[in-house]
Amino acid sequence: MNDIKNIRNIGIIAHVDAGKTTTTERILFFSGFSHKIGEVHTGNTITDWMKQEQERGITITSASVTFFWKTNFYNSSINLIDTPGHVDFTIEVERSLRVLDGAVILICASSGIQPQTETVWNQSEKFNIPKILFVNKLDRIGAKYLSIIENIKKKFFCNILIINLNIGIENSFSGIIDLINMKELIWNNSQLEIRNITNKNFDISNKYRNILLETLSEYDDIFLEKYINSNFSIKDIIESIRKLVILNKIIPIACGSSLKNKGIEFLLDSIVNFLPSPIDIGIKNVSNINYSVNIKSKFLALLFKVFNDPYLGLLSFIRIYSGKIEPGQIIFNNSKNIKEKIFRIIRMFANSKKDLNIASAGDIVVLIGLKNSFTGDTLSFDNEKVLLEKINIPLPVISVSVEPIVKNDYEKLLNLINKFCKEDPSLLFKINENTGELILSGMGELHLEIIIDRINNEFNIKTKTSKPQVSYKESIKKTIIQEGKYIKQTGGRGQYGHVVLKIEPILIEKDDFIFKIEVVGGVIPKEYFLSIEKGILEQIKCGVVLGYPVTKIKITLINGSFHPVDSSEYAFKNAASIALKEALKKANSFLLEPIMKVEIISPKEYLGIVISDISKKRGNIISVVDNNNNLKIINSLIPLRELFGYSTDLRSNTKGRANYNMEFHNYSETPNYILEKIKKK
């Protein structure tokens with residue numbers, strides 16, 4: 001076991017193609033974890049181990065690796081998670097960041113801030129994660145460093161601390177200036193030479209070193225006193241940066257080129273020296289004194305991911321916040337009020353594994369043996385009603401129907417899709433009650449394409465699918481009070497359930513669904529509350545406009561009655577479903593469609609035709625800005641319904657010279673004329 005203060009739980013996050021996996025491969029090589037550098041373009045990287053990742057050259061699932069790095073001040077064990085950059089796999093970033101203590105955000109030196117950069121930045125801010133920025137690809141044509149830093153300050157309103165400078169740019173990028181140690185780091189054929197600052201770089205080095213020291217003095221009174229008296233050391237600088245990073249008062253930024261092996265050692269030093277240990281962060285939102293980041297405290301962990309291994313079964317990825325566990329122990333799932341047994345504890349090295357005899361506070365490990373625990377569940381030894389903050393699951397926006405070519409494979413397909421949905425909470429499925437079709441819903445075309453590819457090739461169930469369809473939602477505009485009764489009398493024991501529900505739209509809260517119980521005086525016994533909730537949850541899966549799931553709705557049980565003999569869970573479940581269905585009919589239900597945030601990068605001469613096409617697609621322009629390379633960046637909001645085949649349209653309109661990225665923005669009311677078109681289909 002490692003000293004907890006030396007553990008670093010970090011993630012690498014960025015827009016797709018910013019170089020996350022390439023950076024991870026270099027980190028693993030320079031740390032001694034691997035003896036050969038994997039390359040994305042040859043499909044032999046350690047963290048992109050899935051066949052689909054290697055074929056496409058992208059990260060699909062977050063991969064965990066553990067390695068070691070020593071600086072002059074720390075000898076650290078680093079649990080590193082390489083996350084996807086593609087918007088379709090946002091859930092992988094979300095659940096990884098939930099359990100990490102620090103992050104490295106990569107930014108491409110030539111592309112700058114991109115849409116998914118904003119998304120992962122906001123995700124890291126949501127969890128108050130201390131971070132380091134690494135401007136990658138300084139060797140690229142069009143690369144910039146200082147101007148990107150200014151853009152970051154303007155975009156995110158943050159205090160950036162420049163800790164190194166580039167020596168040369170684009171093809172002439174040869175090294176960096178370490179502003180902490182005031183040394184030049186030069187790479188010749190991947191060989192590192194450390195030398196004193198040359199006369200050529202002396203003035204700019206002094207300028208930015210002074211800015212660094214003055215920034216630390218502004219936020220750290222202890223360092224200020226040493227700075228005024230000119231009585232500070234390198235250790236004092238590092239300790240001050242570390243303290244301010246952990247407090248989220250500053251964000252260090254460095255530059256390099258992962259592909260060219262330049263700046264990786266400096267980045268590793270920065271991760272270990274500046275990013276927090278589990279002790280520095282503690283256990284967020286838990287005040288129970290029985291739990292602390294200590295091996296002697298009670299066991300407490302969050303299950304943040306599950307994965308079905310073809311040989312080992314269900315792998316449960318957990319972050320341990322308090323205490324310790326060993327194989328063979330019985331643990332308690334606080335979220336579901338059930339017990340589970342740990343058969344094995346393993347540490348993951350991407351797709352390879354090592355058995356452990358013990359795991360303790362600060363660790364990220366995998367449990368084998370858990371059967372009914374899934375993403376977001378809190379685990380402990382005792383049911384003390386302690387629940388860690390859950391993981392936010394995004395709503396799917398696109399659907400396809402899936403059916404097996406061989407009819408006998410239907411049950412196998414159904415079971416497999418059910419397993420995939422447990423692995424990936426942003427993936428949902430339902431069975432069309434009229435046609436019996438399996439409808440699979442996900443975050444985008446690529447998301448569903450990967451799943452279908454795994455079904456066909458990895459599990460050898462050949463399928464046919466429909467064209468992608470938009471996943472609409474439904475909501476309400478009016479508040480309604482509605483009763484529902486389910487009464488049956490057939491000679492023997494009857495059925496009696498009676499509820500009164502108040503339904504109202506959620507206008508402000510972030511929740512998509514709220515259920516509250518406000519009955520008093522025992523008008524309905526407590527043992528029927530769960531059945532009533534089940535009836536409600538079943539009914540909101542099918543709205544009254546077009547049968548889509550209902551969202552942004554608050555439902556309160558306010559009254560009802562029961563029969564001492566005839567009442568049953570079944571009767572109350574049906575009564576709740578009946579009440580809700582009738583209420584939805586009266587509450588001005590309406591259809592919601594997903595709106596996508598689209599960034600288009602196009603040569604200036606095609607700006608007019610691109611904007612005209614956006615208008616035809618019911619889009620709204622947010623901004624049009626220059627990117628200093630004779631290109632225009634058009635940011636817009638466009639309904640997903642209008643974006644099928646957009647790649648072809650954009651290529652045609654710009655002779656193949658424009659490209660675009662998109663991510664989910666929100667759900668918005670569908671205009672009536674579009675609703676009528678959907679109904680006709």
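Quick reminder: no glycine exception, Cβ is built from N, Cα and C everywhere.
Taken from Swiss-Prot, the feature GTP binding site applies to 14-21, 82-86, 136-139. The domain 'tr-type G' feature in Swiss-Prot is assigned to 5-279.
Swiss-Prot feature annotations superimposed on the structure.
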residue : record           : DSSP class
A14     : GTP binding site : strand
K20     : GTP binding site : helix
T83     : GTP binding site : coil
L138    : GTP binding site : coil
Cβ contacts of L138 (GTP binding site) (under 8 Å, same chain, 6 or more positions away): A109, Y145, N166, I169, E170, F173, C255, G256, S257, K262, G263
Neighbour tally for A14 (GTP binding site), based on other Cβ positions within 10 Å of its Cβ: 28
